[in-house]
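What TrEMBL says about this protein:
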type	residues	note
TRANSMEM	B:24-43	transmembrane segment
TRANSMEM	B:63-89	transmembrane segment
TRANSMEM	B:101-122	transmembrane segment
TRANSMEM	B:134-154	transmembrane segment
TRANSMEM	B:184-201	transmembrane segment
TRANSMEM	B:221-239	transmembrane segment
TRANSMEM	B:245-262	transmembrane segment
TRANSMEM	B:292-311	transmembrane segment
TRANSMEM	B:323-341	transmembrane segment
TRANSMEM	B:374-392	transmembrane segment
Amino acid sequence: MTVLLEMRGIGKSFPGVRALDQVNLTVEAGEIHAICGENGAGKSTLMKVLSGVYPAGSYEGEIRYDGAVLENRSIRDSEAKGIIIIHQELALVPLLSIAENLFIGNEIARRGVINWQAAFKKTEGLLKKVGLNEAPGTQVGKLGVGKQQLIEIAKALAKDVRLLILDEPTAALQENDSQKLLDLMLELKAHGVTQIIISHKLNEISRVADRITVIRDGSTVSTIDRAEISEDRIIRDMVGRDMAHRYPDRVPNPGETLLEVEGWNVWHPEQKDRQTIHNAAFHVRKGEIVGIAGLMGTGRTELAMSLFGRSYGRGHRGKVRMNGREVDVTTVDKAIAAGVSYVTEDRKALGLILEEPILKNISLANLAGIAMRGVLDKRREAKVAEEYRKALAIRTPGVQQKVLNLSGGNQQKVVLSKWLFTDPQVLILDEPTRGIDVGAKYEIYTIMNDLAAQGRGVVMISSEMPELLGMCDRIYVMNEGRIVGELSRAEATQERIMAMILKTTGRAA
Amino acid sequence: MAEGKGQKTNLGAHLGGHLRENGMLVALVAIVFFFTLVVRVSIDVDFLSAQNITNLFLQNSYVIIMALGMLLVIVAGHIDLSVGSVAAFTGAVAATLTVTLGWPVLAVIPTVLVVGGLIGAAQGYWVAYWRIPSFIVTLAGMLVFRGLTLWLLGGQNIGPFPKSFQSLSTGFIPDLFMVGKPNVTAILVVTLAALILIFLAWRSRQCDAEFGIEQEPMGLFVARSMVIAAALIFVGYKLASFRGLPNVVVVLTILTVLYAFFTENTTTGRRIYALGGNEKAAKLSGINTNRLVFLCFINMGVLASLAGMIVTARLNSATPKAGTGFELDVIAAVFIGGASMTGGSGKIIGVVVGALIMGVMNNGMSILGIGIDYQQVIKGLVLLAAVIFDVYNKNK
């Protein structure tokens, strides 16, 4: 076997973060190579280095491709050499036809005039190759996600692909669509197309991959040959790090049950027959920190947001109780009144008004708390903001500063202040430490502990397992829209959580 | 002064940070001075004569009134292109009720305001609850209500109106002291207003100090307050020596104060800004964003109908062509006043200043006999310049 791609000693830094460090990857011609790792391990960054999203010079190390040094200045460069990446979020234009999509930026044209006859003819050939039986003039938006994924592959084939990179290609697919896709991968392999697949789904990987490279914390851990592939081995390599961070001490003192969710079902907001949350049930006690573990896209955020005033999904069904009494959480203000707060994972888009000062952001969810008969008391507003600034140590020259100018950690504290001012009994924190530096993380953890000590219930959704293990009294594990397990602090280990996820993937039906 | 040296260094920094707010005020003053000078030199007329100042307000009242509502619509992230047609239509309704059907004026005014509110609701419903872009809904409204105006008037002018209706626009507050000229009531009212203004500014300054909020340097505060008070009293004196305070000016002032209070000091006002600043975040904070958009459009309809009545009263007849192009003047005033196209920012006082800038330029250029062709070009360029100034400030 000849080596098609060799990445040696790849390193890549972002301000404050070392995303990749000494990554090595060797891909042989004609193989399917899988890359595994936790969320944030650096898989996608590595693929962006390879495909020219990060141009040569912005990273360290050397890439050799097809016997020569590869120095991409842009995605166009890498595509010209036959390296094509299909991202998790599909890059199709839904209102255009299949044929138009296949040749976007790569039109069959003479002097800017497209030869539609040739394009349609070629489209038919490509669709046959990927096993799609659709007319070339069909609008892409009218096809399902599975078929769209196949069109992405056809688009890659239209560009004479030699190395095809698939970033979590089956994440959004139903079981039979996934199988079709995997079959197609094997068929392409038979035609000599080398492929790299990024996936969490070990059953899929073991089905198609010839070799697996495991990446953890931005470095290569191991490369495993097909013969040695086992789920245990991969899990150990994926999560085998030491507890790098420290967590503030706390003596858990859980009280009575505060929030109770039972038989919670939610459907996708647009695809009516797709159920995103299946029969979820969980509870939170006073003074307890409860974690929800799971990979991205398994429905953790959807679960939280659907509970919080039906901010996600449709067809909600199930019961929500607070302190034993059923409560109405059908709108956000009712949920807030019931004592529930949700701190979003996307604080810039969903949590803050960036152009407004800190004090206006803090009062936003509880304007009644600073007003008399609808008239704002601005002194009180400033006072409240000042109190939270001190209590949560928001580092800013003053509460009149626009939140735009704050660091991630301080922005997160502003969002937390906003919700604390609604005096919630239960706080659902969605990825509360995402995009925050280590020092600020510790502060956020301390705040969470304080909240629990005050007798509030805290729900923590996180993709970082060490953080869940370090902070939570109990952990629920979610996978594919279901809560698939519950672990006490004593029982919980990264291996157990991973095993719960991997063993239920594609098997719960 | 104790602050002495520190203040000087602060002044520059402060002006840099608040260039926008003060900039427009300075621009307005500069434009007034410019026209005073040029009008005096070129045609030897007093631009700041009592009569011209009165005219200025009478001519521009409708723009300012509608701009108050338009600010809310634009802050909420929308636009209303239909206000000119709605003003014309409601004016026509007022004419039909008063002149053709002989309703008493006191019944006509509230009825027409309700009609305006209903029109706003009809448009706002589609924008708020169906998520149809406001540009399209109100573009349709612009055509529909222009058409309905023509239909209602049958292509004719309807008029004249009884005196009581005309006084909406051309009436003056009677002098309670009967001294003759100058009108003592007018001078008293304006002086009182100036004092209240200074008092309020002083109090909010004290409040800022209490919470360590960055303050405007003392010198600038005093200077600005003096200029505003002086301008107010000057205008008041001029009005007093002509025919007194026009009713329109009183309505205008009350509305401006009311809306400034509403936008800055009420929960509903604050929520509209939050909705325009980040709709998703506002929604997730428990704010009923759809209802707020709906209310903004209802409010716009009511103000458009008020403006429609004032214009009709001023012309003393409802005409099919009334209000043509008003929407552009109103929207321009809001943007010159510093509102952001994407929503979430803009102040009532800025909008009033923006509308006055437009008004003074209209008036000044007309007196100078500058053709409508050049006038449009200049107004367009001023709008563009004001927004470029904004963007430049933001990026700096």
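Using the three backbone atoms N, Cα and C, a Cβ is placed for every residue, glycine included.
Where the annotation comes from TrEMBL, it is an automatic prediction and has not been curated.
Contact between the transmembrane segment (B:245-262) and the transmembrane segment (B:184-201) holds: at least three of their C-beta pairs are under 8 Å, each pair 6 or more apart in sequence. For the transmembrane segment (B:63-89), the list of distant contacts is 116, 119-120, 123, 127, 134-135, 138-146, 148-149, 152, 251-252, 255-256, 259, 263, 272-273, 275-276, 279, 292-293, 296-297, 299-308, 310-311, 318-331, 333-335, 337, 339-348, 351-352, 354-356, 358-359: same-chain residues at least six beyond its ends, Cβ to Cβ under 8 Å.
Sequence-distant contacts of the transmembrane segment (B:134-154), counting only residues of its own chain at least 6 positions beyond either end whose CB sits under 8 Å from a CB of the stretch, comprise 73, 78-82, 84-86, 88-89, 91-93, 95-96, 119, 123, 126-127, 297, 318-320, 322, 327. When Cβ-Cβ distances below 8 Å are used as the criterion, the transmembrane segment (B:374-392) is approached by residues 20, 23-24, 332, 335-336, 338, 340, 354, 357-358, 361-362, 365-366 of the same chain, each at least six residues removed from its ends.
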